[in-house]
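Data first, discussion second: the structure below is written as structure tokens.
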Amino acid sequence: MGTRERERECRLCAVTFFAKLHPGDVCGSNGLPLTPNSIAILGRAQKLKELQDEHLCQYLDVIRGKHERTIVVSEYLGLSLEDYAMRHPPLAIAQILRIFYQVACGINVLSRHHLVAHNVEPKHILLSSDGQRVKLFNYGLHHMTKGGAYVPFPIGNIRYMAPERLLGLNGNVKSDVWSLALVMVELILQIELWPKLKLSNVVRKILAFGKSNGALEKIAREHQCHERYVQMDQRLRQLLESCLSVLPKRRPLPGELLEHPIFEEVLLDLKKQKMQPLSPETEHLPLLLRCPLSQIYHLWQLAGGDVQAELKKEGLIRSEAPILGLPQIVRLSGASVCPGRSQAQLMDDRVVPLRLKALLQRLSGLPAAVYFPLLHSPRFPAHFARELQELPLVIREKDIEYQFQRVRLFARLLQGYPHTAEQLQREAAVDVPPLLRGPIWAALLEVVPNGSYAKIDKFTSTSTDRQIEVDIPRCHQYDELLSSPDGHRKLRRLLKAWVTAHPQYVYWQGLDSLTAPFLYLNFNNEELAFLSLFKFIPKYLQWFFLKDNSAVIKEYLSKFSQLTAFHEPLLAQHLASISFIPELFAIPWFLTMFSHVFPLHKILHLWDKLMLGDSSYPLFIGIAILRQLRSTLLTSGFNECILLFSDLPDIVMDGCVLESQKMYEATPKSITHRQHALRLQPPQALDIGVADVELKHLQQEQCPRISAKDVQFLLDNSPAELALIDLRSVVEFGRVHVPHSINIPFATVQLGEQRLEALQVPQLEAQLRGKIVVCVSNIHQHSVEFSHFLVACGVQRTCILHKGFNVLHSIEPNILISN
Amino acid sequence: MATTPRSGGASGTGTAQRPNGTSQNKSCQFKLVLLGESAVGKSSLVLRFVKGQFHEYQESTIGAAFLTQTICIEDTVVKFEIWDTAGQERYHSLAPMYYRGAQAAIVVYDIQNQDSFQRAKTWVKELHKQASPNIVIALAGNKADLSNIRVVEFDEAKQYAEENGLLFMETSAKTGMNVNDIFLAIAKKLPKNDGANNQGTSIRPTGTETNRPTNNCCK
């Protein structure tokens, strides 16, 4: 029971090593510092996290520590072959063949992904405690270290290395076949290879195989096992001999190995096993341990799991007195001479289990329904953790029970996408679980992978390449993934693909920042990253990337100014008075949807909300930022304002998101009308027509226009939120007017004194507070001038009725009354 | 009296100038604009000057950034108001908003990059044509710390600068070489009479010789 318990509990583990240090003061050809090798390793390791196969231990995480320490978290199974063989000597031939077959399956999967292990040895072959299931472990070290180039130690155990590897050849999967065969030979002959020889002599032995054939027989003789060699099944002996051919081309490929007739019985056994009903072991497995490992690891961290702390506990991470690292000789030119690193610190291959007991206890009280949310049964709504949704987002993101429920729910919704699109949108409005953010955003953007990315030419040189090349090493380089060589290559491909796919557009600086969040979230799925970007840009940045985008930008910024006047009239008034126009500070905001001005972790939260809104949403984010800086801006002149934005202070993202959401919901849609916006439906009667409002109108009118349709909607649904100021004469007002509107004949007002009281309308300020204030006239200029007056008086939500009073006659049913 | 409509957003910056200080020493404010190809180090140059910092992975500039720095030269306090512009050609149409009314400009190129030197020449021509007639222009060959892989020869750039009446220095934002010096050189060359900069363009003091050759046209 102890062993079984230990196996169920210990399914995650960590190993650690140091990456190679660069010599000091060396830089690349572009003048930038060389990328730390551990960052390069981190980038390359991401590909391994996508490998999932029943014969490979899954990679879950790679963590960088100090001084180039690299920590790898992966799946662990039962015990190593080394340990298993010690407990069950000797292994039966049938058992050995099962192991042989399953490891070959693992190597074959690697081969299909153009990977090699190059460190196959008994420690890296794991068996379940009953010996039935076999997985390859730590097979990614060669790939993530670029064949060992990034680390100061060789990859692989010398004893099991093929001859060509000792001669420096890397990357041939048949080298793994040799290693696997040697491991099997040890089991069959019941020996340990050259246990007393020094490594240099082992190397000599292996290289000497090149002088003649018959490596297998030689090994048997050297270990006094020739009798077992002779008694071996002839087919097995021939197979092993071909695997141990000195020339790689004579060895079988893993796929060929698997088809060998000697494995027929193994195959039958494995098939029989799969067709059996759930084994008692699986039946008793806690529900949590049947979840995907990536979810288990994520929850383990939320439950307080700390990989580095576990390694420290086991003594694999030891701090050294800093004085011991001081240089011994400092030269005026050239590198300093530092004491060498202790050899023991470079590679310690001990495996540290990450125990799941705390996580299991933490979640043991959850009902089974949380694991399997019922999406299509309204009678069983998922009310679990509903009360937690009132908590701040940063707390919810750290709460393990809440995140568990959200991850399980969204995993189901994503499996059902696109049919679950509506429900997914509703749930995303509550919050987005960080673990699944990439696929969730893709779903919100209506991405459906279609293979188109693979067909786009990303490699032909273009005139844009030079600009992309200098922008990539400056794009969010504080992030380890984006600054890795793999990150750079992926970003380059994505940018080139986007530019190639849009011949009508050009690369503008800022496109790199826009792409970065999608790459960060979909690092192993370039297609999803590309299609997300592909959908995102027309939704929020329609026509922004035209070669001449000046009309689009001017319109956008003019609308931003109008909306600022709508929501923050005094601030808008002040900024205009000091000529602090948005062109001076807001272009980086809107051209990159704030991804150039905020760090990634803030962008992720901001875009969680952005994805749920339409193309006008970013404008409200901009106003929310201004609102947060309001008190400083109102007391500043031009220079202080521009300095404030050039060195943007810390914006509280939660507040920014909440404010922008409120403004977005409180603003009638037509207020945000732009000619160049992406249109989801054609305009209807009473809407503002596509070409009705030209740029010059936006620039001359401080306040936005509202459509008759929106006015009608407000009158019908929430008249208390509307204050309509009728500027026509008393006679006209008496003839026909909107009920409850306020008549202030334009001809009678004096606008020189910028106080509402000057209008001598009783209780006017109270009547306008908190409402959408619509200026209506038959003479458009009157509405414009009066709206300017209201803004100067600090009246919020002032707008102008598009097409003037006469448009109201067109509304049916009739909304107008007479005295 | 009706409120006047808001002026068109696309017009010039209309930079507000603060009154000069009342201290014994004279004080002046000058608007200075940085121009040049992308990634030649414009932002690093101004960051070194204003904050004494250098970031290996300085982020690209989109639109423009604004910084100020005050220096003391002889008995005059000089405040630079610096616009650091985006270098990509796409952003070219925004540049007049920043250099119009500027008293000084630093045109930056990368000594490793011949194209950036050509681009710098284009900027100089544009400034001569469209900026203030008395604008003081400095040519900066940046990344001088990488002189072992230089492409643009010092003498070639120096000759071009002399022919066009420009100040010229090779600089390194990374090491700080000549960074303060180029701003000091500009400050020395700018007229510093009281109130001059309040007019938006400098007024040449009486009797000051023109610093530029009469024939600047590029044929």
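Glycine residues also receive a Cβ, built from the backbone N, Cα and C atoms like all the rest.
Swiss-Prot tags one of the stretches B:40-48, B:58-66, B:175-183 as motif 'Effector region', and that stretch is B:58-66. According to its DSSP assignment, B:Gly36 (GTP binding site) is in a strand.
For the binding-site residues B:Gly36, B:Gln58, B:Asp145, the largest tally of other C-beta atoms within 10 A is found at B:Gly36. Of the listed binding-site residues, namely B:Val40, B:Ser44, B:Asp84, B:Gln88, the sparsest CB environment within 10 A is found at B:Gln88. Using a Cβ-Cβ cut-off of under 8 Å to chain A, the binding-site residues B:Gly36, B:Val40, B:Ser44, B:Gln58, B:Gln88 reduce to B:Gln58, B:Gln88. DSSP places the residues of the motif 'Effector region' (B:58-66) in helix, strand and coil in these numbers: 0 helix, 3 strand, 6 coil.
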